[in-house]
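Listed in TrEMBL:
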- T29, V193: pyruvate binding site (BINDING)
- Y120: active site, proton donor/acceptor (ACT_SITE)
- K150: active site, schiff-base intermediate with substrate (ACT_SITE)
Amino acid sequence: QINLPVIRQYVDYLVNEQNVKNVFVNGTTGEGLSLSIQERKQLAEEWVCQGKDKLDHVIIHVGALNLPECQELARHAAAIGAGGIAVIAPFFFKPTNKGELVAFLRKVASEAPEVPFYYYHIPPLTGVKIRVEELLDGIKAQIPTFQGVKFSDTDLLDLAQCINKNETGEFEFLYGVDEQLLGALAVGANGAVGSTYNYLGRQTNLMLQAFAKPDLALAQKYQFLTGEFLNFVIKLGFGVAQTKAVMTLVSGIPMGPPRLPLVDASSEFIVKAKAKLDSIVWPDGD
């Protein structure tokens, strides 16, 4: 079951402890595709409500396997005052080319005509490998609210070509592979959405500051240490359930178990992950 009362505490933790001021709701880590439409609406409402005057942006993921549900969620997000909406490509009956994908996205975006729209590109999970570089050509004419891309793929060539085309800076590219964020920043990504920022947001913000200075050596230290932790837990088996366990450990906020078919993290994983995280000495001394 979803746990709405804990979200207020969650918002305060992100803002005060992790220096995170923007959230992406009902995405992969939030198991959005495993929730009912009603549950997704309830979560979106609670995040927008609790984030008021505390968070800068609440972006709601409204993607689903069928168009009517996407459109319903888009209308709802607009009605509750979401700062943006995002949509993945449908992944059972998949779009096979740019035209089919844009047609689907356009039908969703048009239901929230005042709300910034993001395409959520995550081919490892959707299997839709249409390159974003190709997608961007003429996209604004088709989708006037198109704001950018949540780019959750390791293909930095595609990302770099997107940024090279974005000469006017009208689009935002939010990178979603946490262990490669520094590489994405180097080719021009201007934001990040990821699961580790729930519990390593403060350190990632320090990496962003170091990169902006620029102090590349310091930025590399932060990226390497994040990578050291992720490399360790990936070998143990790391997914959404394990992310919830780590976040519970670090924040003290009960994130609860995942929904089937995912199963809870093992006690062995929790012990090993905690020991690894505790052993890391960050450049700021924490």
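Yeah, the Cβs are placed from backbone N, Cα and C, and that goes for glycine too.
It is 13 Å from the Cα atom of T29 (pyruvate binding site) to that of the residue listed as 'active site, proton donor/acceptor'.
Long-range Cβ contacts of the residue listed as 'active site, schiff-base intermediate with substrate' within its own chain (separation 6+, distance under 8 Å): F24, G27, A86, Y118, Y119, Y120, H121, I122, L174, G176, V193.
The recorded positions considered are T29, Y120, V193; of these, T29 has the fewest other C-beta atoms within 10 angstroms of its C-beta.
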